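S.K.: Below you'll find the structure I mean.
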Amino acid sequence: MFTVNTSSRRIRRRSALALTVASCVIAMAGCGSDPGSTSAASGQGAIEVQSCGRTVSLAKPAESVVVIGGGSVDTLFEMGVGDRVVGVVGVHAKPAEKYRGQLGELPDIGDALPGREALLALHPDLVIAEQGRTLSGDGGTPTTEQLEEAGIAVYIANSGCEKNSATNKVSDVFGEIKNMGALLGVSDGAKTLNERLQKVLDDVAKRVDGRKPVKVAGVTLIGSDLWVNTGGLDVDIAELAGGSNSLFDDPSEEFKILSKEEITAANPEAILFFPSTTTNDPVGFVQQTFPTTDAVKNDRILIVNPDTAARTGVRPVYEVEEFARFLHPEAFKQE
Amino acid sequence: MRPRSDRVPVTNAAKATTLWGVVSVLCVVLVAMGAFGIAFGAVNIDLGTVADVIWNRLLGGSQHIGGVNDQIVWNLRTPRVLLAAAVGAGLALVGTVLQATVRNPLADPYVLGVSAGAGLMASITITYGAAALAGLPTSTTAFAGALMATVAVLWLGQRGGRYSPTRLVLAGVTLSYLFTGLTSFVIFRSADPDKTRSVMFWLLGSLGQAKWSNIAIPTTVVVVGCGYLLLQTRALNAMVLGDEAALSLGFPVHRLRWKFLISTSLMTGVLVALVGGIGFVGLVIPHLVRIIVGPDHRRVLPIAVLVGAIYLIAVDLLCRIVISPEELPIGIVTSVLGAPLFLWLLRRKGAER
């Protein structure tokens with residue numbers, strides 16, 4: 001199954017061949033054909049991509065994939081290879097409603113975290129994980145090494161590596177989608193998807209251009225703590241959507257725990273609320289917690305459903321559009 | 001006229017025969033529980049395949065080697081079961097010895113603050129990264145924390161070179177509170193929910209890190225510890241009677257107490273460093289065994305070792321299957337099972353022993 005490293009020229013050659021056949025792959029996948037028949041790129045040489053300082057190698061495109069991080073399932077469907085998903089571990093997120101039916105009944109390999117034995121027994125060609133911590137060995141999860149020993153390739157999104165997550169940007173998703181496309185032998189599908197996502201970002205940028213940035217507070221409720229976005233992906237999403245995180249910016253950290261008083265004193269104009277801890281009435285919670293802020297007075301509260309969370313793939317881009325519609329609704333009046 | 005008795009006098013030879021009988025039965029149960037632990041888990045693998053994998057691995061066959069079943073049975077479950085046996089045996093042994101050494105029925109492997117010291121260093125390593133502690137891995141810093149706690153308790157617990165059981169226990173409990181408070185502070189200050197979660201997993205204990213490459217040290221330490229402490233059963237019997245009685249019987253109590261504290265602390269430190277905090281095993285098992293076989297350490301110690309090993313293999317199996325395919329941290333199950341079991345033991349006739 002695995003091969004040793006080969007030259008980058010070989011990868012490019014394989015990618016070029018994959019481009020040629022990928023339209024057929026997408027068409028067949030879209031028609032719900034047998035996953036085995038979509039591997040037109042099989043036997044074209046080794047595929048190699050970088051993942052958190054490791055080289056992930058596959059002799060042929062992966063035909064069975066386990067996704068750890070429910071949000072990334074959407075990305076595979078939008079690349080045209082959703083039918084290769086044989087297992088999903090949500091990690092507090094779910095695939096989009098429209099794709100859940102297409103996934104059908106998948107074996108239970110864990111919900112919050114992947115189960116070690118269950119994942120090994122499924123024996124997919126590839127595991128795609130949004131976050132490295134889900135393959136740390138903690139809490140019954142497998143380690144990357146254990147999976148590789150069993151002949152399973154592991155791709156961890158670079159945004160989920162053990163590094164400072166405060167440096168993550170929305171633009172990182174393009175590289176991740178390209179890597180996933182390469183591992184699945186659908187580089188042209190990935191390229192098409194990236195082009196479409198870039199158009200979404202360009203459209204949002206055009207619409208919010210020249211408008212006064214809205215001062216936002218991205219607040220996540222974990223237990224009784226209020227975690228405020230200070231850097232990283234969520235701040236970049238808000239800023240691309242025409243928001244400003246200047247009240248809480250701290251480029252060295254992704255989050256900071258702040259008190260109600262500190263958030264109230266900062267007086268955000270809009271609150272993006274991520275109720276990580278289940279809250280019966282999230283809008284009511286925000287209204288009661290920060291009643292004097294402009295955000296509450298002007299009813300500018302957006303509840304971000306935890307099911308839609310994702311650290312990579314298509315969702316951060318769609319979130320930019322969703323947030324922009326919330327922050328600058330007048331910019332979307334003429335669709 | 002000679003007083004009549006219906007009871008048949010039990011000779012030493014008969015007692016020894018009974019002990020070896022019980023030990024033999026427990027050895028069989030241990031092997032059977034080990035087999036269960038390897039045969040069952042989150043994934044159903046038919047028993048024939050499990051037997052094939054083991055057979056081929058032990059006798060050099062090639063069937064099943066390298067496949068998924070081999071990975072699960074040989075590389076995941078087998079070292080895990082062996083580690084569970086070693087940790088269970090070790091914690092039960094340490095608990096039994098400490099209860100006699102400090103003459104306190106509430107003593108367990110963590111009474112001297114060893115677990116709390118290890119937990120503090122582990123939480124610092126996980127939260128701030130290995131670079132914060134000279135690049136050392138979590139297990140090494142946890143062991144350093146266990147040693148630090150041991151040295152501090154032994155220093156605080158002695159006066160004039162002699163150890164008072166009461167002072168030792170109080171020093172251990174106090175330092176445990178201190179280390180636990182500092183650990184909570186580290187968790188509270190963590191700006192990363194994932195790392196907070198990792199610290200919680202570590203503190204709750206897990207045998208999931210077991211692999212062939214890391215079970216040799218704890219297993220060796222437990223085997224050597226058992227070998228040494230099983231030869232000290234007469235001294236332990238004497239220490240339970242009190243320092244003066246033990247001295248009058250010819251046992252150098254203070255020197256022995258120091259040796260027992262050092263050896264049990266080292267054992268605990270090695271075990272905690274790899275598996276985190278697994279509570280109640282070292283407290284409950286010695287009491288359970290004493291109720292069944294009486295207070296004589298010549299019987300209590302070997303039986304506690306075997307029962308501890310059997311118990312932890314069984315609990316680990318439960319952790320792996322109860323919310324399958326995910327796993328419960330083992331510390332949760334040992335506490336949830338251990339507390340009612342301990343209370344039941346307290347209520348039983350004979351618990352006064």
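Backbone N, Cα and C atoms are what each Cβ position is placed from, and that goes for glycine too.
Automated prediction, rather than curation, is the source of TrEMBL annotations.
As annotated in TrEMBL:
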- B:20-43: transmembrane segment (TRANSMEM)
- B:81-98: transmembrane segment (TRANSMEM)
- B:110-130: transmembrane segment (TRANSMEM)
- B:136-156: transmembrane segment (TRANSMEM)
- B:168-191: transmembrane segment (TRANSMEM)
- B:260-288: transmembrane segment (TRANSMEM)
- B:300-323: transmembrane segment (TRANSMEM)
- B:329-346: transmembrane segment (TRANSMEM)
S.K.: Assess whether the transmembrane segment (B:136-156) lies in contact with the transmembrane segment (B:260-288), where contact requires at least three Cβ pairs under 8 Å among residues 6 or more apart in sequence.
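M.R.: By the criterion, they touch.
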S.K.: So which of B:110-130, B:300-323, B:329-346 has the most C-beta pairs under 8 Å when paired with the transmembrane segment (B:81-98)?
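M.R.: By the under-8 Å Cβ criterion, the transmembrane segment (B:81-98) pairs most with B:300-323.
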S.K.: Sequence-remote contacts (6 or more beyond its ends) of the transmembrane segment (B:300-323), Cβ cut-off under 8 Å?
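M.R.: For the transmembrane segment (B:300-323), the nonlocal Cβ contacts are 19, 22-23, 26-27, 29-30, 33-34, 36-37, 40-42, 80-81, 84-93, 95-97, 207, 226, 229-230, 233, 236, 278, 281-282, 285-286, 288-290, 292-294, 329-330, 332-334, 337.
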S.K.: Return yes if the transmembrane segment (B:110-130) and the transmembrane segment (B:329-346) have at least 3 CB pairs under 8 Å (sequence gap of 6 or more), otherwise no.
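M.R.: Contact absent: fewer than 3 Cβ pairs fall under 8 Å.
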S.K.: Please give the sequence-distant neighbours of the transmembrane segment (B:329-346): residues at least 6 beyond its ends with Cβ less than 8 Å from one of its Cβ atoms.
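M.R.: Result: 201, 203-207, 275-281, 283-284, 287-288, 291, 312, 315-316, 318-319, 322.
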S.K.: Short question: which residues 6 or more past the ends of the transmembrane segment (B:20-43) have a Cβ under 8 Å from it?
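M.R.: Contacts of the transmembrane segment (B:20-43) (Cβ under 8 Å, skipping residues fewer than 6 from its ends): 50, 54, 72-73, 76-78, 80-82, 84-85, 293, 299, 302-303, 306-307, 309-310, 313-314, 316-317, 320-321, 324-325, 327.
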